[in-house]
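For reference, TrEMBL has these:
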SIGNAL    1-24  signal peptide
DOMAIN    181-416  domain 'Peptidase S8/S53'
ACT_SITE  Asp190  active site, charge relay system
ACT_SITE  His222  active site, charge relay system
ACT_SITE  Ser380  active site, charge relay system
Amino acid sequence: MFPSFFKFIITLLLFTSFFYKVNSLKCPKRHYRGKQEKFVVILKDNPSLNSRSLNSRRRDHFNKMSKCLNKTTIPTIPFHDDTNKLDNEKDVLQDFNVENVITGYVGYFDPNFVKDELKDWDDVDVVEKEKTFKVTSWKRKLSKRSSNDIVQQSTTLWNLDRIDQTTNKLDKKFKYPSSAGKGVNIYVIDTGISIAHKEFEGRAKFGASFCDKCSNIDDNGHGTHVAAIVAGKTFGVAKLSNVIAVKVLDKFGIGTSSSVIAGLIYVFNEHMKNKNKNTIINMSLAGSDDSLTINLIMQKLFAAGIHVVVAAGNNFHSNSCNFAPASSPHAITVGAIDESDKLTDFTNIGQCVNIFAPGKNIQSAWKSSNTSTKILDGTSQATPHVSGTIALMISKSGNKSPSQIKNDLINISTKNVIKDIPSKNTNTKILILDINNGLNIASPNNLLKVPG
């Protein structure tokens, strides 16, 4: 009798404590009834708190949202087809929590509530209006069609021919380590991948889709093109690596910061549960400006040992530091050169660019059929050359921390060969006028080279 009685008392006290806590939450005095817009919210990180305390604080925040704003919280889940859409999206908070790492969510709010209230809540770190992201390439024309050993492939592809040597005297060969990226997983956060394309030889698979009203296939083609530059048997740098499609951009190559964040969190969780920690993210996309929320998550990925490679963007020699995800110091940011080792006219530049790779007249796989190809230009095309090179480095010499891999990548790069540079330059840096603010900004004169 007594044990049951004590259990009843304890349960009653816990319920009373919870009821009191919820009802003691202070809601905004003002009622906000303006047009709701979509925002990304990240809660403060507190390393001094244990897991239980962090989860309690997270619950308190969502309880307040429920009591004060009638917002229901659900986990962010992949869309399975183009009909999988929330009916009551404006009443829902989509939580992208990673336990003990990051807590955040996406939701609709009156902008005045965000400005006057939410951004000043004690547990809120960043609130940012949702941004637009898009692919960073242009279409040209469609065409049909752990060892130290070195493999040599005959090729007419100038881009592969260029990155295995230090000079521009191309020999119509692509030489790379025989391990060829085997055992490395590259997550292509993009428009999807045509996984049945013959270029992938069964090494491509679908991971998840997070863009609104999207199918699980690549109905744009950009993601397939990028993935084959990473891992294609003909067009790829790392010909034995695995590519996983994480779809965050629609058939027009456009997405949002919330879909990109959902894709990044998906890869984070996959990395944490996989025994194989050889994880690379390729992001051949760019936002319209910078993003604190994206960069905070990139920092967490970096700390978890995930290598993130991103496009510098195609804003015609603008400062890459003004655009996400290129602005992140925790990513490897890639600019584009042409066949003559010149900067392309479209590539962004600046201190946030770490390395340049071929990005003009790049042939790769396309979505039209299992054998179709297309030629594209863009920093989108330069970026997967670097992702593939990192896969070669890992499969040949073993994985290292993102900072070590970044240093090794730059150390083996070819220095001071990029031409068409303004006259003001130093030994290893090129100075270009930043058209955004009139300042001189430096870009590294590093041209990608695969390991020997």
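Heads up, the Cβ atoms here are built off N, Cα and C, so glycines get one too.
Everything TrEMBL records as a feature, shown here on the structure.
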residue: Asp190; record: active site, charge relay system; Cβ neighbours (10 Å): 29
residue: His222; record: active site, charge relay system; Cβ neighbours (10 Å): 30
residue: Ser380; record: active site, charge relay system; Cβ neighbours (10 Å): 32
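DSSP gives Asp190 (active site, charge relay system) a strand state. Cα spacing between His222 (active site, charge relay system) and Asp190 (active site, charge relay system): 7 Å, rounded to the nearest whole number.
Model confidence over the domain 'Peptidase S8/S53' (181-416) is summarised by a mean pLDDT of 97.
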